[in-house]
Every structure is written in structure tokens, then in C-alpha cells.
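Per Swiss-Prot, the feature N-acetylproline maps to P3; the stated evidence is sequence analysis. The N6,N6,N6-trimethyllysine feature in Swiss-Prot is assigned to K14; the stated evidence is sequence analysis. The feature substrate binding site is assigned by Swiss-Prot to N123, T173, K177, R295, H327, S379. Among the features that Swiss-Prot reports, active site, proton acceptor is placed at K175, H294, with the record citing sequence analysis. What Swiss-Prot lists as Mg(2+) binding site is K201, D203, E204, and the listing cites sequence analysis. Per Swiss-Prot, the feature N6-carboxylysine maps to K201; the stated evidence is sequence analysis. The site 'Transition state stabilizer' annotation in Swiss-Prot covers K334 and is backed by sequence analysis.
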Amino acid sequence: MSPQTETKASVGFKAGVKEYKLTYYTPEYQTKDTDILAAFRVTPQPGVPPEERGAAVAAESSTGTWTTVWTDGLTSLDRYKGRCYHIEPVAGEENQYIAYVAYPLDLFEEGSVTNMFTSIVGNVFGFKALRALRLEDLRIPIAYVKTFQGPPHGIQVERDKLNKYGRPLLGCTIKPKLGLSAKNYGRAVYECLRGGLDFTKDDENVNSQPFMRWRDRFLFCAEALFKAQAETGEIKGHYLNATAGTCEEMMKRAVFARELGTPIVMHDYLTGGFTANTTLAHYCRDNGLLLHIHRAMHAVIDRQKNHGMHFRVLAKALRMSGGDHIHAGTVVGKLEGERDITLGFVDLLRDDYIEKDRSRGIYFTQDWVSLPGVIPVASRGIHVWHMPALTEIFGDDSVLQFGGGTLGHPWGNAPGAVANRVALEACVKARNEGRDLAAEGTLVIREARKWSP
């Protein structure tokens, strides 16, 4: 019997502010295989005990409110409440704690990332007893994973569709991202694909603006795509951005892309929303389209170290909602610690089973069972001289996405694409021959230059 229930049974109902820890802090609780587990970084206001802070998070993100209410007696709090079952201080940080919270599975609608986030990262983030709150990680139980379709196709099916194996895929974002006419945009797409890239991409800013309406862009990009395929004998793709102001308009664009025969569409899953994203992912599976996901707006959520949500949580949510690719940044030139953290959530995107590893920021063991994997897209300021490191770090199941690193070539777009492809194939060949790309990468690229513009 909970403390609140005991109070009503023994001395009657008493109104007033209650300490959350009386009901929601349960250090003796043994987590269940069906619980959703969350690790929160809590920065409390001064003078509030850690147990009360952790319990407040559990309460306000599940069944609790600031006082006991009459209707508590009409349900079973012990069955439905979230529980803060462990609290630990954050090493090297003053007045920060990791609070572990377990949520019963019955609190969440099946197959709905929207509902899951509404509860776990909803109003609790504005709770005035906390100076800051960050969701570091989630453990999604198998029972909940199985209620999601996940990625429309997954890594192996994509490779089979493209008939491309044994190397990373190459992409390029068309620049300038705004201002080109549809015909000139299609010309750049053709030159990049003809030069040797596997994919080109709409920038996330490109939807349907006065200078280039979506239907015109789709038509010219499809023409460029099929022309490049015919001339190279390779399957090509262009990420046609279907993101729109309404779900109905988004679906209309996806349907038109399918009717054109293009293999892949794109969605901005954070600005578009998880409900729209899951709807599009279901359509893509049913109709044979691959789905590329951009993460525009992620830094608003994940950039602060003590407030918001870590990108590994957004990555897990995307795998559940559905997407075949997602941008994951790049670790080239970063500190080793950041590299480990990045590769931690890359593994959470690709692998079926990931062990707990706090050194890589993974707070819980995650079993995805049969949910397909997502290909991480390495992008942001990369060029051919990064190719050895990118090949070694991200491996074959990745997309290496260049923008200025292709279109900024002094000889033009097509030579830029050729340079990317030559550098990639040289690095893959050197790796397969047993050469150390970390030590010899620059030499490998220099040797390949004689075959490339």
C-alpha cells in the first residue's frame, strides 16, 4: 500500500502539498523486463534533497501532481506510477545527479513515439523545483519495441535495392541550398550522380518556395536521376524532400515521387513531427520507397549538456518511428571522448543488441530484436582528405555525405563527385588489403590522385 493510500485509510483524506519521495522514490524496486527505463540528468534548485528531486521527475512524468487528489482512490497508483529507483551523483559536476526512473508499460500507447515523449519529456521539463533536466538515455523493452514497424526497409534491403555492397555509400547535398531554379537544380543533381555519387540530397530548407516549387523540382531531379543511371549502369537516388506544412501535402508529395519511379524520399522528422514521420514511414514500406531522415532542429533539443535530451534518445526514437537513413554528424577532428559517444549512438542505430557501456554514454542494454537497422549519415564539413578516417570509423554501413566537399571542387560538380568516388574506392581497397588507414590514409589519397581530377 502506498503512503498516500495509507494516509487516506488511517486518518482520512488530507489536502495540501505532499513530498513526492513518500510515493515515488522506491530504492528497493526491482525493475521489470517490460518497464521503460529512463536516465535523467537532474540539476535541482538549492535546498531540495536528491531523493525528492528524482521522485518529482518520476511523479510529474507519470501519475503524480502536487497534492493528493480524491481520484487517486479510484485507481492503483502502485500499478501505474513511475518510480525513481536509483540516484547517483554525476562525477566532476557539482549539484548534478543521474536519476533512474522506471515506467510501467501500460502508461504508453502502442506504436506511438508521440505518446511516449508526451509523458516522459513533457511538462516535467518546466518544473520549477529543477534548474535543469536532461534525458540522457532510454531503455525500450522488447514488449514495446514489437509494437513499432520501425525503418521502412533497413540496411540489408536497401543494399539489395541499390545492388551496392562492400563499401560506404556516397552522397551530396545540392548547394546553394536556396535560390536555384528547378532546371539548374536538376543539372547539379545530374552532374554529381554522373560523376560517381550514389545519392544527391535536397537541403532540409528546400520544401516548395516561390523560386522552386516542389513538383518542378521532383520532375527535373527524376530526369537527372534516370539519365545518370542510364549512362553509368548504376542505381542512383535523390532524396526528394516531402516535408510539408500538412500531413496531407506531405503524403501527396511522397505519392508523386513514387509515381515518378524514384527510389527514396526525405523527411525532417523533428520539425515535421513524429506522427507525420511514422505515417510516412508506413507508406514507404508499403510502396517500396526508402526514407532518408534529416534532423533539423536537433541542436535546440540536444546541444545543452544539462538540459533537453541527448541525441541518442532522438536516434532511438527515430529507429522506432521509422527511417532508413539519419544524419548522425561526424567525429572527424573531434575529441576521442566525443568520438566514443557518437559511435555509441551509431551502434544504437545499426545493431540488433547493444550492451550497456557508460564510457560511450549507453546507460542501458538495448535489444532491438527484429527491428531493422538505420544507416547513419556522416555529414558536416567533410571532404576527400577525411575519407580514410571516415571509412575506418563508420565502416561500410554508412552514407558519407559531402556538400561543399563535392560542389566546391575547382573544376566543377562532376569532377568533385569523381574525386569523392576515387578517394572512397582507394580507401576501401587499401583497407581490404590490410593497410592501416589511420597511419597511411594521406598516402593512400595521394596515390589515388593520379586517377582523379
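Heads up, the Cβ atoms here are built off N, Cα and C, so glycines get one too.
Positions of Swiss-Prot features highlighted on the structure.
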residue: N123; record: substrate binding site; DSSP class: helix
residue: T173; record: substrate binding site; DSSP class: strand
residue: K201; record: Mg(2+) binding site; DSSP class: strand
residue: R295; record: substrate binding site; DSSP class: coil
residue: H327; record: substrate binding site; DSSP class: strand
residue: S379; record: substrate binding site; DSSP class: coil
Item to complete: To the nearest whole angstrom, state the Cα distance for the pair H294 (active site, proton acceptor) and D203 (Mg(2+) binding site).
Response: 9
Worksheet entry | Length of the line joining the Cα atoms of K201 (Mg(2+) binding site) and T173 (substrate binding site), in Å | 5
Response to the item:
Checking the binding-site residues N123, T173, S379 for other Cβ atoms within 10 Å of each Cβ, the smallest tally belongs to N123
Worksheet entry | Among K175, K177, K201, R295, H327, which are recorded positions, the residue with the most C-beta atoms within 10 angstroms of its C-beta | K201
Worksheet, complete the sentence: Of the recorded positions N123, K175, K177, R295, S379, within 10 Å of E204 (Mg(2+) binding site) (CA to CA), in sequence order, we find K177, R295
Worksheet item: Could you tell me the C-alpha distance between K175 (active site, proton acceptor) and D203 (Mg(2+) binding site) in angstrom, no decimals?
Response: 8
Practice prompt. Around the Cβ of E204 (Mg(2+) binding site), how many other Cβ atoms lie within 10 Å? Please give the count over every shown protein chain.
Written response: 20
Discussion item. Can you tell me the CA-to-CA distance separating N123 (substrate binding site) and D203 (Mg(2+) binding site), as a whole number of Å?
Written reply: 33
Discussion item. If I take the alpha carbons of D203 (Mg(2+) binding site) and K177 (substrate binding site), what is the distance between them in whole Å?
Written reply: 6
Practice prompt. Just name the winner among D203, H294 (the recorded positions) by count of other CB atoms within 10 A of its CB.
Written response: H294
